[in-house]
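Engineer: Pulled these features from Swiss-Prot for this protein:
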BINDING   97-101, 187-221  FMN binding site
BINDING   357, 361, 364  [4Fe-4S] cluster binding site
DOMAIN    91-247  domain 'Flavodoxin-like'
DOMAIN    341-580  domain 'Radical SAM core'
């Protein structure tokens with residue numbers, strides 16, 4: 001239907017309102033729809049923000065590893081309540097000591113807490129002899145740690161403990177906050193404020209407190225420190241007051257708030273009150289790397305080693321006269337090295353250019369008095385100084401035997417010229433940065449070198465030059481048993497040992513596996529030893545029963561762990577049987593070549609050292625030095641010598657030119673040698 005303009009004009013006023021409504025209606029509808037959409041999007045955005053916020057709250061409580069792994073949040077959420085189940089939480093008192101003071105303090109803390117908390121299950125643990133990874137990388141859930149630490153300006157095992165904490169914090173393989181599962185911790189430090197003031201006072205206890213907290217643990221009580229120059233009674237009173245404050249905190253079931261230290265004696269300072277002292281405390285050590293002495297003359301380590309008969313040379317070397325040297329000078333017999341290799345004991349010097357070691361072996365006869373470490377961080381003495389020092393100290397010790405009843409004049413005269421050097425005294429000789437230069441100086445003086453390594457430094461072994469005889473200690477055949485026997489410091493100790501054995505196979509020189517048998521620890525898995533022999537294919541295998549070196553709080557060994565000689569023989573025979581069965585593809589055969597019954601020692605050798613049906617395990621020393629001077633390549637068969645009949649298996653291994661000495665006992669007469677082997681073993685035999 002059409003409308004004219006005239007008609008629209010006549011009726012415009014009548015229909016104008018309706019027309020406006022029709023035209024504006026789509027706009028209104030569009031506006032309403034858009035408004036509704038905006039409100040809907042706003043609600044969704046708000047919900048999304050709430051969800052993100054919730055996720056962030058959850059993540060805040062989760063352990064996130066440095067590789068991005070997320071752990072359980074339960075422990076951290078629980079920790080928000082600051083509650084402690086002190087009746088059921090494992091409680092450990094740790095300590096480290098050189099002179100014994102910190103040990104006495106730790107025992108005092110242990111006894112006081114046991115009494116106050118009415119608990120008989122509190123553990124007292126020496127940091128030097130526990131697996132640090134079991135306590136400070138993975139820890140017992142809800143455990144409570146108390147740490148009693150002295151501080152030394154000299155090198156000590158505390159340096160290794162602190163470096164382990166720092167490495168755990170920096171190691172991407174270690175989950176973040178590994179100690180978050182602890183209910184709490186507290187540290188007590190001992191320091192000499194008069195002699196070591198300022199930033200040296202209790203600096204290692206301060207570092208321990210700092211690193212344990214960085215690893216996720218929550219401080220149970222402020223760090224306590226005491227001045228050891230106070231009167232003994234004042235020191236003990238201060239220690240007990242700190243211990244009681246910890247016990248009170250545990251009984252209250254809550255973490256002690258910072259600043260709540262009114263109960264502490266004025267003789268005990270907490271970390272918050274130390275102010276600038278805490279700020280000054282060095283992050284690593286009191287002295288830069290390379291300036292600390294491994295064994296200072298003022299250190300408890302020095303005093304302990306000298307008390308045991310060692311002469312400490314320079315800052316990290318040592319020498320000692322072994323019992324077999326004294327025995328040989330009296331004509332009472334030589335050690336097993338004479339039976340096996342032709343070394344006359346009075347011509348041999350036992351020494352080491354490194355008193356530090358990377359293991360804390362259960363059968364070590366130093367009872368923890370030598371330093372430990374995984375990397376060289378000390379002052380380095382030059383090899384010339386070390387060689388001159390150990391020779392001087394060795395000869396000085398020998399002079400003390402002049403005129404001693406029973407000493408043979410000809411043996412005493414011969415002993416004034418060292419012919420052999422056994423680098424097996426203590427520690428890890430190959431650890432010394434200039435070991436090759438040191439050995440070369442020995443050879444220049446025509447002193448043979450017998451170097452023993454614990455198979456924990458593969459790079460040093462790979463770079464090791466020619467020695468007269470190169471040993472690797474193989475103290476166990478499985479990873480777990482090696483960990484139990486050697487208590488190594490390296491986390492990858494097993495891989496390091498396997499690598500060292502492979503490197504040994506590449507060496508074109510006389511190589512030896514030294515196996516120390518510890519009953520109840522490493523005598524069961526005989527078959528597994530054959531696989532280790534496959535890796536290194538040594539020229540010789542020395543098998544020796546462990547020497548009992550006396551009781552020690554740090555060693556679990558007793559006389560029950562010392563095998564009888566018959567048991568050592570049985571082990572060797574079974575080992576050879578397994579080698580014949582499982583290593584036929586190598587084309588190498590092993591047999592028993594020699595023995596030294598008095599030392600519970602047997603030598604197994606490759607049959608290649610049997611010439612015309614007779615063993616040649618001894619060494620032609622003049623020939624060896626002649627070959628060294630040519631500077632040409634040579635091998636182990638180029639300087640071998642005939643083994644004497646007395647050393648053959650079945651003949652005992654005692655030199656016929658000497659007289660066997662039997663120590664008389666008040667309660668019994670001498671027994672046959674086969675029955676008394678384990679009982680006559682001495683510290684020096686283990687060192688020989």
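Placed from the backbone N, Cα and C atoms, the Cβ positions cover glycine too.
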Engineer: My understanding is the cutoff is Cβ-Cβ under 8 Å with a sequence separation of 6 or more in the same chain; which residues meet that for residue 361 ([4Fe-4S] cluster binding site)?
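Structural biologist: Residues satisfying the criterion: 475, 485, 486, 487.
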Engineer: Should residue 187 (FMN binding site) be counted as helix, strand, or coil on the basis of DSSP?
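Structural biologist: Its secondary structure by DSSP: strand.
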Engineer: Just going by other Cβ atoms within 10 Å, which of the binding-site residues 202, 357, 364 has the emptiest spot?
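Structural biologist: If we count Cβ atoms within 10 Å for the binding-site residues 202, 357, 364, the smallest count is at 364.
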Engineer: Using a 10 Å cut-off on CB atoms, tell me which of the binding-site residues 97, 207 is the least crowded.
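Structural biologist: Fewest other Cβ atoms within 10 Å, among the binding-site residues 97, 207, is found for 97.
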Engineer: Same-chain residues six or more away whose CB lies under 8 A from the CB of residue 192 (FMN binding site)?
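Structural biologist: Looking at Cβ-Cβ distances below 8 Å from residue 192 (FMN binding site), excluding near sequence neighbours, one finds 201, 227, 228, 229.
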Engineer: Applying a 10 Å Cβ distance cut-off over all chains shown, what neighbour count does residue 187 (FMN binding site) have?
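Structural biologist: Around the Cβ of residue 187 (FMN binding site), 28 other Cβ atoms lie within 10 Å.
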Engineer: Give the helix, strand or coil assignment DSSP yields for residue 357 ([4Fe-4S] cluster binding site).
Structural biologist: strand
Engineer: What average pLDDT is reported by the model for the domain 'Flavodoxin-like' (91-247)?
Structural biologist: 89
Engineer: Nearest by CA distance to residue 364 ([4Fe-4S] cluster binding site): which of the binding-site residues is it, out of 197, 202, 217?
Structural biologist: 202
Engineer: Between residue 212 (FMN binding site) and residue 357 ([4Fe-4S] cluster binding site), what C-alpha distance do you get in Å?
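Structural biologist: So the alpha carbons of residue 212 (FMN binding site) and residue 357 ([4Fe-4S] cluster binding site) sit roughly 25 Å from each other.
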Engineer: Cα distance, residue 357 ([4Fe-4S] cluster binding site) to residue 207 (FMN binding site), nearest Å?
Structural biologist: 23
Engineer: So of 212, 217, which of the binding-site residues has the fewest other Cβ atoms within 10 Å around its own Cβ?
Structural biologist: 212
